[in-house]
Amino acid sequence: MAGQQFQYDDSGNTFFYFLTSFVGLIVIPATYYLWPRDQNAEQIRLKNIRKVYGRCMWYRLRLLKPQPNIIPTVKKIVLLAGWALFLFLAYKVSKTDREYQEYNPYEVLNLDPGATVAEIKKQYRLLSLKYHPDKGGDEVMFMRIAKAYAALTDEESRKNWEEFGNPDGPQATSFGIALPAWIVDQKNSILVLLVYGLAFMVILPVVVGSWWYRSIRYSGDQILIRTTQIYTYFVYKTRNMDMKRLIMVLAGASEFDPQYNKDATSRPTDNILIPQLIREIGSINLKKNEPPLTCPYSLKARVLLLSHLARMKIPETLEEDQQFMLKKCPALLQEMVNVICQLIVMARNREEREFRAPTLASLENCMKLSQMAVQGLQQFKSPLLQLPHIEEDNLRRVSNHKKYKIKTIQDLVSLKESDRHTLLHFLEDEKYEEVMAVLGSFPYVTMDIKSQVLDDEDSNNITVGSLVTVLVKLTRQTMAEVFEKEQSICAAEEQPAEDGQGETNKNRTKGGWQQKSKGPKKTAKSKKKKKPLKKKPTPVLLPQSKQQKQKQANGVVGNEAAVKEDEEEVSDKGSDSEEEETNRDSQSEKDDGSDRDSDREQDEKQNKDDEAEWQELQQSIQRKERALLETKSKITHPVYSLYFPEEKQEWWWLYIADRKEQTLISMPYHVCTLKDTEEVELKFPAPGKPGNYQYTVFLRSDSYMGLDQIKPLKLEVHEAKPVPENHPQWDTAIEGDEDQEDSEGFEDSFEEEEEEEEDDD
């Protein structure tokens, strides 16, 4: 058996293959994830939305005050250098000679495969004359030619070449290692050990340790775990939090503490500026000692948030701190919503009376505070202040108008263009157009609700203890799209009404006099209709003297006439009875036909119901698969916010609650992917008692005030189906056992009879 040899790369050819593949594995994914986004595309996007969002703070901070950032340039330089190295190594690999080539004697002799023996000998003579050492030729080349000639003419050499790929027989197997030989050289052993020790014993543990230390401090939503603990404690302590208490707890987050967050700063000037703002606000209680809510960092965050809600001007040294605090508020409020929901679930699972769940008002106040923080408005301010150029001074002209009395954004949008223009007459044309552009960009979301019980035979029948699934389909449109459609429909309806106004007046006048003239005609018609209802003619009564004379003169004739009248009456009665029988037969035939039609309709209806249930089942399966596989982007639509320092996307909270009992029925679902349409499933257990229940589905925005949607949800809960005591499957099993017992008894009796016969014999 041939020996095996392991050798390192002395020439460096195989090392280039390894190095090229290693650099490619780093450069290609890094380019995909780290290449800076095209700044021109971002500038074009900002230019397109300038008309609507031009007055927003986040827009002005991004566009009007661009800060030179060297990080994208550094990324591009590093990535381009990596690609240059990768291309150089690939070029180097393409130019390296192949050390291990398959031995082919035809190539050595410059012959085509399949040449005849005569051609081989002829070519060998020509090449041997050319490369023979005695005639000044190349000795190595001559040996290769002789070896190739022997491989093609000698039987043993040809057999070795066909089996082992070499005329000399099997050779030693060599394994190359794609590392340069100087790495394992004894002279460089200390240097190699130092590099390995530095990489795997110093750099790697430091990187992993620092990453682990930072990651264990944060939750999955990048919120400090200490902040979650603070929120859990104070939410449990104060189960019914008003807005003032909620702001106080929100400001106690560790994200604002410089000890836990390096981005949070504390300046010496805060000791002078913060007390001044406290005196201007005038509604901050400093007597309570409730750490960390009364710590300096928490007090500073609370003052900055209250000044933002009041739209107060603050010193420039505090503007940066206020912007940092406001950027953290949406995520912190979402964490507080999660904490409240977790405590509600814990209270339901525990039967202890001491564990008190937070109220529904606390949850809704968190959602309202998110809207307030984004828009920079206090709780009871008008939603119209979210629009540009509408401030406290001119708001009274809009809300206290004698004719319109606009209170909400929907009221303002629903007006006609002329009425809206007269209402906002105090605005210039450019400002009015800007207000209309912003107003038309506001979202208008509609909800379609359907409740059912999935994975059940009768999905529409809700029973006690079943898991109710409420499928909510959200459709998002802009205010401009919705009310333009409504106004176009109204205009289309009003135009033909105006065109035909004269004709309608004429018809009305005609109707007046036509009703008077038609009075007697109607009575005549009614009399005519009453005549066929009479079956017997009324007899004409004659005077008594005339009757006696007629009887005496025509006695027999009178009797015959009387007999004829009796026969006519009998014939009339017979015809009437025949007509009644025919009517009954036709009525029975109609009833039979109607029964058949009703049966067909029921069958068709049942088939349609089955098809609808099957389609719903398939759609639910597809929704689950999409939810598991698809990862939708959370970039929906930018929010119009005049005083928020960061571009925020439209997100929503969707949940079900009982307004009468003030309880939460289903946990809030944070809808972060609503661009046009979105389907959301809300699940909750059915009530424990049968009856009719009135719930409410809430859709609350986390960014806009006054755009929440509320829709009632009625549930009719029935008694749970009884557990079947007898089942056909069980009956078949019992019958099988009885048959087996009968067969066993029959076999026993047959054996007894055979034994008796043997005894008789």
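In case you wondered, yes, glycine gets a Cβ from its N, Cα and C as well.
Annotated domain 'J' per Swiss-Prot: 104-165, in sequence order. Annotated domain 'SEC63 1' per Swiss-Prot: 197-542, in sequence order. Taken from Swiss-Prot, the feature compositional bias 'Basic residues' applies to 518-537. Positions annotated as phosphothreonine by Swiss-Prot: Thr538. Sequence annotations record features per position, and here Swiss-Prot assigns domain 'SEC63 2' to 638-715. Residues or ranges marked as phosphoserine in Swiss-Prot (evidence: similarity to another entry): Ser743, Ser749.
Mapped onto DSSP classes, the domain 'J' (104-165) shows 47 helix, 0 strand, 15 coil. Averaged across the domain 'J' (104-165), the predicted model reaches a pLDDT of 80. For the domain 'SEC63 2' (638-715), residue counts in helix, strand and coil come to 0 helix, 45 strand, 33 coil, using DSSP.
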